[in-house]
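Undergrad: Before I ask anything, here is the structure I am working with.
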Amino acid sequence: MFKNEEMEVNLGPQHPSTHGVLRVKLRLDGETITHCRPMIGYLHRGVEKICENQTFFQGQVWTDRMDYCSAVANNLGWAEANEKLFGITVPRRAQYIRTMLNEFNRLASHLIWLATHALDIGAMTVFLYAFREREDILDMNEAFCGSRLTTTAFRIGGLREDLPPGFEKLVTKFLAKFPSCLEEYENLLSENRIWKKRTVGVAKLSAEDAIALGVTGPVLRAAGVPYDIRKAFPYAAYAEMDFEVPTKTEADTYARYLVRMEEMRQSARIIQQCMDGMPEGPVMAKLPKILRAEVNEVYHATEAPKGEIGYYLVGEKGSGNPYRFHVRAPGFINLQALPKMAEGGLIADIVAAIGTLDIVLGEIDR
Amino acid sequence: MNKLLRTLIPFDIAKGLSITGKHFAKVFFTANRRKVPFHIVSEYPEVVAKMQPRFRGRLTLLKDEQGEIKCVCCMACEKICPTQVITIEKGKKEGRKMPFPVRYDFEMERCIFCEFCVESCGFDSIILNHQFELAAYNREDFSLGMEGLEQNMFVPSPVGKFSVADD
């Protein structure tokens with residue numbers, strides 16, 4: 001009379017906890033997930049193909065619109081990949097400003113992750129507090145480049161403009177209050193028994209699995225692998241910065257939370273060092289009138305807030321636009337780990353698994 | 001015993017709740033609420049929002065001291081635009097040596113506000129102004145043409161211009 005039957009459920013594409021338009025096909029045995037497949041492509045715009053039809057200069061605006069929570073980090077990768085292709089050396093002041101803005105962007109991205117991840121799991125209060133600090137960072141974005149979200153912050157060869165007057169004051173004000181804000185979030189969450197019940201031991205991903213799946217970023221570091229491109233292959237001004245790469249060995253959702261919180265502290269440290277050691281000088285390198293590629297192809301990886309973002313560019317002789325452009329998006333690769341994390345767990349925990357991967361569908365579908 | 005007490009009395013949740021309570025009390029017991037630190041709510045439609053000087057808003061054509069449009073139709077902005085929203089038609093005007101834009105169309109619906117056009121302009125004849133309330137009911141309100149582009153110059157943002165109450 002009672003048959004053991006599995007049930008198929010679609011999570012998304014319009015589910016608020018999927019952070020965009022992600023559909024997850026689930027097969028359930030009671031409340032346990034036996035099969036999980038993410039279905040993507042709802043936000044596909046063909047960014048890579050558009051960039052192939054535009055000049056190297058124009059391409060940057062499309063990188064803003066991939067991972068819209070960390071547009072500055074995407075811009076940095078694009079600019080540096082192009083500089084590698086054309087053999088341009090960026091002035092030191094520009095490098096420092098880039099590093100500083102990139103770290104601010106990491107803070108903004110991690111704050112939005114904390115806010116939405118906590119909201120998914122059921123902690124509403126953190127959402128409001130985290131967005132309060134993110135607002136200050138977006139204001140700084142606006143002061144520097146005129147836009148809050150789709151920044152188009154950098155140019156090939158440096159920056160368009162120097163820091164605006166009064167920017168140092170904004171940064172100092174932010175850095176003075178940020179540690180106490182972080183403490184506030186931790187007081188709200190770290191010891192909270194509901195938070196711990198929902199995160200400790202949930203959505204585990206061992207280091208072996210993470211490496212096999214190509215997962216990078218805080219998800220990999222929470223499994224105990226201290227791989228951070230800022231340390232491993234320093235770019236911009238990271239070689240001159242003193243910071244630590246936080247790791248944890250538990251490899252669960254709670255460990256990833258702790259890693260990201262510690263990363264925010266380190267980011268604030270890097271920003272302070274950038275402010276203290278800011279060199280004087282020009283912010284734009286002297287560029288030739290027409291950009292001509294010196295090497296044929298280039299792959300440049302940077303550490304975006306979500307993981308390794310890599311730009312692969314193939315240049316053609318005498319052509320103003322890339323012959324081939326490919327993005328190694330951290331969200332796309334990290335999402336592959338979702339079945340490994342969710343299968344065998346409860347259906348309620350898949351929301352935590354999606355949140356802890358920190359995915360942005362604009363980047364995954366591109 | 002200690003563990004049992006901790007299970008019975010939710011200290012951890014009280015700790016989190018005290019933060020909310022502290023913030024609530026700070027605002028509640030201050031007479032002038034705008035002076036509360038961390039008070040970030042602004043009374044937007046009544047109080048005009050302050051934009052940063054570099055804010056990127058609607059494209060506007062600039063005029064020189066004689067009141068003539070500075071644009072000389074070099075087409076640099078048309079070429080650099082990543083979404084091809086600018087269309088310029090070259091023409092001539094009496095008593096002017098340089099070419100004059102007969103038509104300067106800017107389709108704002110597709111504009112992504114990257115400011116590449118302003119950067120490429122060698123004559124400083126266009127800017128992106130501080131207008132950010134860009135919603136409108138009709139398509140014509142977006143593509144303003146020459147007239148609209150000139151008129152928009154340095155006009156402060158029309159607060160509530162397109163609000164429902166005006167209808």
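Cβ coordinates come from backbone N, Cα and C, glycine included.
Any TrEMBL annotation is an automated prediction that lacks curation.
Pulled from TrEMBL, these are the listed features:
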- B:59-91: domain '4Fe-4S ferredoxin-type' (DOMAIN)
- B:Cys71, B:Cys74, B:Cys77, B:Cys121: [4Fe-4S] cluster 1 binding site (BINDING)
- B:Cys81, B:Cys111, B:Cys114, B:Cys117: [4Fe-4S] cluster 2 binding site (BINDING)
- B:100-131: domain '4Fe-4S ferredoxin-type' (DOMAIN)
Undergrad: So which of these binding-site residues, B:Cys71, B:Cys74, B:Cys77, B:Cys111, B:Cys114, B:Cys121, get their C-beta under 8 angstroms from chain A?
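TA: Cβ contacts with A, in sequence order: B:Cys114.
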Undergrad: Which residues of the same chain, at least 6 past either end of the domain '4Fe-4S ferredoxin-type' (B:59-91), have a Cβ under 8 Å from a Cβ in it?
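TA: The answer is 98-108, 110-112, 114, 116-129, 146, 149-150, 152-154.
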Undergrad: What is the nearest of the binding-site residues B:Cys81, B:Cys111, B:Cys114 to B:Cys121 ([4Fe-4S] cluster 1 binding site), using the Cα of each?
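TA: Closest candidate to B:Cys121 ([4Fe-4S] cluster 1 binding site), judged by Cα separation, is B:Cys81.
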Undergrad: Go through B:Cys74, B:Cys77, our binding-site residues, and report the one whose Cβ sees the most other Cβ atoms within 10 Å.
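TA: Answer by Cβ density within 10 Å: B:Cys77.
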Undergrad: Rounded to an integer, what is the Cα-Cα distance in Å between B:Cys81 ([4Fe-4S] cluster 2 binding site) and B:Cys74 ([4Fe-4S] cluster 1 binding site)?
TA: 13
Undergrad: Other than its own, how many Cβ atoms are within 10 Å of the Cβ belonging to B:Cys81 ([4Fe-4S] cluster 2 binding site)?
TA: 21
Undergrad: Return only the integer: C-alpha distance in Å from B:Cys114 ([4Fe-4S] cluster 2 binding site) to B:Cys74 ([4Fe-4S] cluster 1 binding site).
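TA: The Cα atom of B:Cys114 ([4Fe-4S] cluster 2 binding site) is 19 Å away from the Cα atom of B:Cys74 ([4Fe-4S] cluster 1 binding site).
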Undergrad: Among B:Cys71, B:Cys74, B:Cys77, these being the binding-site residues, pick the one whose CA is nearest to that of B:Cys117 ([4Fe-4S] cluster 2 binding site).
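TA: Spatially nearest to B:Cys117 ([4Fe-4S] cluster 2 binding site) by Cα position is B:Cys77.
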Undergrad: Long-range same-chain neighbours of B:Cys111 ([4Fe-4S] cluster 2 binding site), Cβ under 8 Å, sequence gap at least 6?
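TA: Within the chain, B:Cys111 ([4Fe-4S] cluster 2 binding site) has Cβ neighbours under 8 Å at B:Leu59, B:Thr83, B:Val85.
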Undergrad: Any same-chain residues 6+ apart from B:Cys71 ([4Fe-4S] cluster 1 binding site) with CB under 8 Å of its CB? Would you list them in sequence order, or say none?
TA: B:Leu61, B:Ile88, B:Phe100, B:Pro101, B:Tyr104, B:Phe123, B:Ser125, B:Ile126
Undergrad: Going by a 10 angstroms cut-off between Cβ atoms, which of the binding-site residues B:Cys114, B:Cys117, B:Cys121 has the sparsest surroundings?
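TA: Comparing Cβ neighbours within 10 Å for the binding-site residues B:Cys114, B:Cys117, B:Cys121, B:Cys121 has the fewest.
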Undergrad: Residues other than B:Cys71, B:Cys74, B:Cys77, B:Cys121 within 8 Å, Cβ to Cβ centroid, of the [4Fe-4S] cluster 1 site?
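TA: Leaving out the recorded residues gives B:Val72, B:Cys73, B:Met75, B:Ala76, B:Glu78, B:Ile88, B:Cys117, B:Ser120, B:Gly122, B:Phe123, B:Ser125, B:Ile126.
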Undergrad: Taking 8 Å from the centroid of the Cβ atoms of B:Cys81, B:Cys111, B:Cys114, B:Cys117 as the cut-off, which other residues in that chain fall inside it around the [4Fe-4S] cluster 2 site?
TA: B:Leu59, B:Cys77, B:Ile80, B:Pro82, B:Thr83, B:Val85, B:Ile86, B:Ile112, B:Phe113, B:Glu115, B:Phe116
Undergrad: How many of the residues that make up the domain '4Fe-4S ferredoxin-type' (B:100-131) does DSSP mark as helix, as strand and as coil?
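TA: Summed over the domain '4Fe-4S ferredoxin-type' (B:100-131), the classes give 8 helix, 10 strand, 14 coil.
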